[in-house]
């Protein structure tokens with residue numbers, strides 16, 4: 001009772017080989033604590049694995065594996081049985097040769113085939129395919145077309161947000177421009193009046209500087225020529241003289257511009273070495289930056305407008321020398 005049949009020698013050899021492989025494989029499996037990363041074995045595990053594999057290779061080279069014991073590690077049998085080689089008798093070999101010869105004779109002859117020609121390239125014209133007319137599959141397919149909304153949507157253009165800083169800056173710039181223009185207009189009229197007074201003083205004696213039109217019966221107070229109020233007949237003549245003086249100034253400015261274009265020719269003919277040396281020395285002292293030149297001329301203009309007659313004469317001479325040197329430099 002309870003007796004099991006005796007195991008054969010082959011079964012015992014297989015079981016013994018499996019026990020040996022289990023012991024060897026147990027040494028290759030890391031046991032105990034692992035490293036801080038939790039992924040790699042320690043150096044002791046690696047050394048055990050190397051030693052175990054050396055023993056396994058030694059046993060395999062010696063052919064010490066029992067039959068069927070290599071399936072645990074996937075190792076092949078070190079001494080596999082060679083497959084039986086087919087043995088052909090001369091009669092069987094002759095029969096095979098005869099059968100192959102008959103097959104070659106009975107085989108139908110090959111028909112001459114035409115080599116395949118390369119297909120002609122297919123080129124689409126713009127009118128052949130709707131995809132080439134700036135459309136896509138999604139646009140042409142009815143399922144992907146945008147359906148019309150049930151409620152009409154009114155699209156309004158986006159309103160641009162105006163920045164208060166930009167608006168205030170534009171208004172401030174406009175006010176400053178008007179103020180500067182009004183100031184320059186007043187100063188230009190003042191300059192023209194002074195030139196007109198100088199002209200009158202040259203052509204009239206000092207005792208007769210009063211307006212000649214104030215004795216024509218107009219109800220106006222006594223005044224000097226060139227300062228006629230509204231209602232005096234000399235008012236229009238005064239502004240006519242101012243306009244003539246303004247035209248003369250423009251003519252002088254145009255002449256200076258013409259001289260700047262032909263300065264080298266004129267200086268070459270007149271041989272003004274001293275003048276050219278003076279202009280070159282002044283131009284060497286001038287700044288090269290245009291903004292600095294504008295600031296210099298504007299500063300001289302402000303000094304001229306807010307100073308006395310003697311200082312204005314000096315500033316005027318300085319301005320003329322600076323402009324002449326600047327024209328000579330250019």
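From the backbone N, Cα and C atoms, a Cβ is placed for every residue, glycine too.
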Per Swiss-Prot record, range annotated transmembrane segment [choices 218-238, 239-259]: 239-259
N-linked glycosylation site per Swiss-Prot (candidates: 134, 262): 262
DSSP-assigned states of the compositional bias 'Basic and acidic residues' (92-109) in counts, ordered helix, strand, coil: 15 helix, 0 strand, 3 coil
